[in-house]
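One structure below.
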Amino acid sequence: MGLYASKLFSNLFGNKEMRILMVGLDGAGKTTVLYKLKLGEVITTIPTIGFNVETVQYKNISFTVWDVGGQDRIRSLWRHYYRNTEGVIFVIDSNDRSRIGEAREVMQRMLNEDELRNAVWLVFANKQDLPEAMSAAEITEKLGLHSIRNRPWFIQSTCATSGEGLYEGLEWLSNNLKNQS
């Protein structure tokens, strides 16, 4: 009841809340993305074993972002975070060509999850500052994003350390949240 009243109150006064699940393979830059958005700075990170959760304010939307560790042995725990997720940010290490197939498999499994059927999908093609980074177009093709027909999706080139592209991604999320409301 409290969550319902909070959402109703927020909607009446123009503020919205959006629950975001941020996932991706280990080392993709999820935690760096989260704290660049939250604090505006790059922090020293260690591999996330559990999760980090922060609220990021953008325009009139309060994004509650759950950054969940990406190591293979803890990915089975991701499903515990699916409930009430309105948006997924899937972070890709654009420089890691050897694991793009693994990222595709992980993403495809998530796309088949019933609890995520109404979530919008934002892919951050991260680490674009590195010289061998795959372009957003190449990642789109390798992930098979064009085959996603049942939900809104978008890919955004990003560099978490500089912040490049991060707010453009939040802009897309905020516009798609409005379309779903």
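Cβ atoms here come from the backbone N, Cα and C positions, even for glycine.
Remember, predicted model here, so these are calculated numbers, not experimental data.
Noted in Swiss-Prot for the protein shown:
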BINDING   25-32, THR48, GLY70, 126-129, 160-161  GTP binding site
CROSSLNK  LYS127  ubiquitin cross-link
LIPID     GLY2  N-myristoyl glycine
### Message
What does the structure give for the C-alpha distance between THR31 (GTP binding site) and the residue listed as 'ubiquitin cross-link'? Integer Å is fine.
### Response
13
### Among LEU25, ALA160, the one of these binding-site residues whose Cβ has the fewest neighbouring Cβ atoms within 10 Å
LEU25
#### Entry: THR31 (GTP binding site), number of other Cβ atoms within 10 Å
22
### Message
Cα-Cα, whole number of Å: the residue listed as 'ubiquitin cross-link' versus GLY27 (GTP binding site)?
### Response
11
#### Entry: Which of THR48, ASN126, GLN128, the listed binding-site residues, has fewest other Cβ atoms within 10 Å
THR48
### Message
Among all protein chains shown, how many Cβ atoms are found within 10 Å of the Cβ of LYS127 (ubiquitin cross-link), not counting that one?
### Response
24
### Task
Tell me whether ASN126 (GTP binding site) sits in a helix, a strand or coil according to DSSP.
strand
### Message
Using a 10 Å cut-off on CB atoms, tell me which of the binding-site residues GLY27, GLY29 is the least crowded.
### Response
GLY27
### Task
Determine, from DSSP, whether GLY29 (GTP binding site) sits in helix, strand or coil.
coil
